[in-house]
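Notes follow once the structure below has been shown.
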Amino acid sequence: MEAPKRMVQIWMLILGAVIIYSDDHIFVRRTFSESVTAEEAKQLRDEVREMFYYAFDGYMEHAFPRDELKPLSCEGEDTLGGYALTLIDSLDTLALFGDRERFTDSVEWIGKNLRFDINKTVSVFETTIRILGGLLSAHLIASDYNTGMRVPSYDGELLDLAEDLARRVLPAFDTPTGIPFGSVNLVHGVDENESKITSTAGGGTLTLEFGVLSRLTNDPIFEQVTKNAVMGIWARRSKINLVGAHIDVFSGEWTQKDAGIGTSIDSYYEYLLKAYLLFGDEEYIFIFQEAYRAAMHYLYNDPWYVEVNMNSAALVWPLFNSLQAFWPGLQVLAGDIEPAIRTHAAFFSVWKRYGFTPEGFNLATLSVQRGQKSYPLRPELIESTYWLYKATRDPRYLDAGRDMLASLQYGARCTCGYCHISDVEFHTQEDHMESFFLAETVKYLWLLFDLAAGPDNLIENGPYKYIFSTEGHLLPMTPQISLVREHCLYFGAYCRSSNLRLETNISGIAKKPGETNHSKTYSCPGPTCSLSRFTPQNSPTISGLGYCPGLTHGQRFGIKYAASADANLQDESPTQRPADVVQSHSLVLVSNHNADQVDHEKDQESSVDGSVVAQGEERQQGKLIELFEGR
């Protein structure tokens, strides 16, 4: 019996085994490895950091400024738009590592060299989560003293680029349903022959990035079109509150009625919850609760999830696909810990079996699904491992992280980066490295071990709590972004008033706060305006959503929540003054199974993407916890 040396090494590391050779056979005796200690966690954290720089330096040396690295041939390739995708996707990871020099150099290069006026047709979904999200996250870090990573020379260039890009994407939303086309040309808009079919995830996973952009630019159009898309999908749900995988954006008819939590649907669920957590809009949490209950009732086959017909709930596929692996992490944010633990254990058993998770694993045959044998360096299982360790501090998740790191090091590391695995049964390497490997996979693995070693990073010790986008980008819960429902409670706050007259920049992007090249006022008789044909440089503003002018630095970042009385009297109009004080939204409740992690002396401790939340003695497990109160 013979086996390649690499395969033997991987399996021995994964199984924690001792190998004994004889003349004709190899005997494997399973041993139980010791749990990861704090000292080992530091070593593993440093190893992950080295992993990042090995791949990042490989990209910068051999592929930059092309989109992605071909890590076997050490060449570059353009996979999205030809604008340094991997560098943009990696920006907040550099900041998380505290790498001031490379973060500064990268921000300055992008600000000076990146342009989006290129004749390229791009994915609306991928462009939003990778490019727009990467630019916004880096802007929020580079422009803020409180992050410790402010770039002195930075003057909002990344935000200008983000707004320009988003306006070029806006024509995709001009559909009868409000659900966007899947692709858009950055110069010409939507091609007349563009497919009218889009995925649920593609149309419903845009709210975080566009919503943050609306708050930073004082233009509600970005948030409104993406919320309309979410509502357009939900309005077409089945009678049992399930959504399908693909939909016609013109007719609203479902073209693929398979309902699941994985491929083509996954992040729709994710952004329902996270949009509530970041923005405080209760409509999102109402939808999430209904959608989550339906998923747990019709899709959950403890501990696995299956795909069913969205109308009849008849079984379609008894299949685990790798994108489902984000679900336990989402359940942690929702406070439903017990099923998350069981499902993670089931998903990780597939990783242990092959050394990686294949794209598809058939639950009926307990084998890799034909045609779905690859592992493209996906982060989802590692992401859920991080969240479950954060919630429980159970050392089993550190052990799982160690195993996954070993698999990546011995199976995926190649000439100048990390390779896709084209076949998890034979660990065949493929010459491709997705940008999300540096934006997510490495980031969540590093955060896992850093948390165990004694965290010292922007997320755990910084001034804000963070929501992670579906691409792993850091979106801070600053007052400017999150205090949506304050109704001008403090000077410069986000406002909602149907009487507020709104202005929008038409012909270009203002170079400095307060500057516009050309402004025009729009008004509508109802709560929203329907979208007519528009170009990236000419988009309407929707009434019913507005912003009070003039956030100070202190108000923007939460140092000072109210201006002086004189400022309020001078700058607030009668329609901007609140009738009463409205409490900001409450945060998610997460169960913690280690009693020593709970502070019983406090009535409430709230945290999202930053720490486990306790709320007095009323801690619930095994069911979805209400995420808002007093409404």
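The backbone N, Cα and C atoms fix where each Cβ goes, glycine too.
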TrEMBL tags one of 191-217, 596-622 as region 'Disordered' - which one?
596-622
Number of Cβ atoms other than its own within 10 Å, given for Glu380 (active site):
24
Whole-number Å value for how far Thr470 (Ca(2+) binding site) lies from Asp266 (active site) (Cα to Cα):
10
Taking the Cα atoms as reference points, how far is Glu359 (active site, proton donor) from Glu126 (active site, proton donor) in Å?
19
In whole Å, note down how far the CA of Thr470 (Ca(2+) binding site) lies from the CA of Glu380 (active site).
10
Among Glu126, Asp266, Glu359 [active-site residues], residue with fewest other Cβ within 10 Å:
Glu126
Return the residues near Thr470 (Ca(2+) binding site), defined as same-chain residues 6+ apart in sequence whose C-beta is under 8 angstroms from its C-beta, sorted by sequence, else 'none'.
Ile129, Thr205, Leu208, Ser267, Glu270, Tyr271, Phe326
